[in-house]
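These come from TrEMBL:
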{"type": "BINDING", "residues": "Asp30, Lys35, Thr86, Thr124, Glu157, Lys268, Arg333", "note": "NAD(+) binding site"}
{"type": "BINDING", "residues": "Phe154, Leu155, Arg156, Glu157, Lys209, Phe254, Leu255, His256, Pro257, Gly258, Gly262, Lys326", "note": "substrate binding site"}
{"type": "ACT_SITE", "residues": "Cys265", "note": "active site, nucleophile"}
{"type": "DOMAIN", "residues": "319-420", "note": "domain 'UDP-glucose/GDP-mannose dehydrogenase C-terminal'"}
Amino acid sequence: MRIAVIGTGYVGLVSGACFSEFGVEVCCVDKDAGKIERLRRGEIPIYEPGLDDLVAKNTRAGRLSFTTDLAEAVRGVDAVFIAVGTPTRRGDGHADLSYVYAAAEEVALALDPARYTVIVTKSTVPVGTGREVARIVRKARPELDFDVCSNPEFLREGSAIEDFMRPDRVVIGTDSDRARAVMRGLYRPLFLIETPMVMTSLETSELTKYAANTFLAAKITFINEIADLCERVGADVHDVAKGIGLDGRIGKKFLHPGPGYGGSCFPKDTLALVKTAQDFGAPLRIIEAVVDVNDRRKKAMAERVVAACGGSVAGKRVGVLGVTFKPNTDDMRDAPALDIVPALQAAGATVSAYDPAGMHEAERLLPGVEWAKDAYAALEGADCALVLTEWNEFRALDLRRVAKLLRAPVLVDLRNVYDPEAAEMAGLEYSCVGRCSRLGKPAAPVQVREPVQA
Ligand code: UDX
C-alpha cells in the first residue's frame, strides 16, 4: 500500500515513519525545503527516542521518502494523511484550521480522478472539520473518487513510537465501507496483536480525541487539587492515588501530582473543546474549571518557592532542574517553567537552570536565565533548588552533594521525584506536592484553617 503524509511535524513524522515500519510505502511532504533536506540526510528535527533509527532504517529500505512536492507525493496513493498543525487561534481559543483546509485544497488539486483515495485527518481537529474537508475537496475537484476519514493519534511525546506500534486502540471515523477497508489494510499489523479498532462516524471520531485528552487533563487536575488538600490535612497524595487507582473504574495512570499539565496537546485541546461545546450550546463546565484551575496552578507555583525561601526570593538565586513540559522531550510548549521562571525573576530572583534537552528552545523563551552545563552546576551557590521536570537523571542526583553545593539547603520538588526522608537525611529542607515529610514536617507551607462550621 502507499500513502502520503502532509506535514512533517510531530504527528506527521512519527506516523509516517511508523507506517513505513508496517511495510507501507510512505512519502512525507513539507513546505519547508530546509527541513525536507535535513530529513533526507537523516537529521530528525524533533527529540523523540528511537525515531532517528526508524527513519534511517525505512529510508534505506526505500519505504520512506521526503519531498516538498505534494503533487508528486500523492500520485498513486491509497490514502493521504493530513497532519499539519492546528494551533490555538489568536483571540478566541478556537483551533486554527487554515493549514488543514489549505492542505485539503492542495491535495484535491493534485489527486488522480481515476484512482480512489481516502483523505484522512490525523491532526486533532474539531467536530465538523472532516465534513468541511470533504466539501472543500468536492468543490475543488467534483470528479474525484474519494472519502474522508478521521483517524486521531494518541501519541505521547517521548513514547510516541511505542504508542503507535502498540496502541490501546485505533479510532477510525468514516461513513464509507471502502475507506474503512483501506484503513484496516494500513493498520493490518496491529490485528496480530489484537488491537481494538473503534469503527465509527467522522464526528464521533473527531470528538473522541478531544474527549480523551480533556478527560486526562481533568484527571491530572483532580489529583493536583487532591494534593493541595492532602497538604492541608496531613495526608499523602501518592497513597490516595494508589488507593483510588487500584479501582479498575478509575485506573492508576495520570494520577501523578505536579505543577499543572502543559505540552502541545492538553492546553490547546481543552480550550478548543470548551469553545466547541459553548458554540453548540452544550457547555462543558467541568473542562472550563479544569482550564481555569490548571492556569492558576501554574501561576501559583512560584509562590511555593518564595515561601520555601522564607517569604522572599529578592536578591536570591534559584537553581532550576528541568524546563520542558515533561521528560524525554525538548518541547517547551505551555511548560509550567514558562509561568514559574518569569514569576521568580519578577520577584527579584536570579535563575540558573539546566535541562537535558530543552535548553536550546528555552533560551529564546526564558530570557535572563543563566544556563548551566549540568544539574550540579545549575545548583552551585543557589539559595533554592527547584525541580520542574522529572528527567531520570535528576532522580539519581547525589543529594548530599546537592546540599553542599547550595548556599541554603532548600529543595522544592514540584514533581515528587525524591523520597522526603532521604532528602531530609541529606540535610535538605525538602518540600514537594501533596505529601508530608515522614520526619513529621509538612511537605509544603501549610495554612491551618478552622474547620468551617455547618
Ligand atoms: C498527550 C496525550 O497523552 C496523548 O495521548 C495525546 O495524543 C497528546 O497529548 P503529551 O502531551 O505528549 O501527550 O504528554 P503527556 O505524557 O500526556 O503529559 C501531558 C502533561 O501532563 C505533562 O505536562 C505532564 O507532566 C502532565 N502530567 C501527566 C501530570 O502532571 N501528571 C500525570 O499523572 C500525567
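Using N, Cα and C of the backbone, Cβ positions are placed for all residues, glycine too.
Predicted automatically and left uncurated, TrEMBL annotations should be read as such.
Here the Cα atom of Leu255 (substrate binding site) is found 20 Å from that of Lys268 (NAD(+) binding site). Relative to the residue listed as 'active site, nucleophile', the binding-site residues with Cα atoms inside 10 Å are Arg333, the candidates having been Asp30, Pro257, Arg333. Ligand 1 lies under 6 Å from the Cβ of Phe154, Arg156, Glu157, Cys265, out of the recorded positions Asp30, Phe154, Arg156, Glu157, Pro257, Cys265. Non-local contacts of Lys209 (substrate binding site) by the CB criterion (under 8 A, 6+ apart in sequence, same chain) comprise Thr124, Ser150, Pro152, Phe154, Val171, Asp269. Looking only at the binding-site residues Arg156, Pro257, Gly262, the one with its C-alpha closest to Arg333 (NAD(+) binding site) is Gly262.
Once the Cα atoms of Phe154, Leu155, Arg156, Glu157, Lys209, Phe254, Leu255, His256, Pro257, Gly258, Gly262, Lys326, the listed binders of substrate, are compared pairwise, the greatest separation found is 24 Å. Note on proximity: among Arg156, Pro257, Gly262, the binding-site residues of the record, the Cα nearest Lys35 (NAD(+) binding site) is that of Arg156.
Residue environment of Thr124 (NAD(+) binding site) contains 25 other Cβ atoms, counted within 10 Å of its Cβ in all protein chains. Residues Asp30, Lys35, Thr86, Thr124, Glu157, Lys268, Arg333 are listed as the NAD(+) binders, and the farthest two of them sit 25 Å apart at their Cα atoms.
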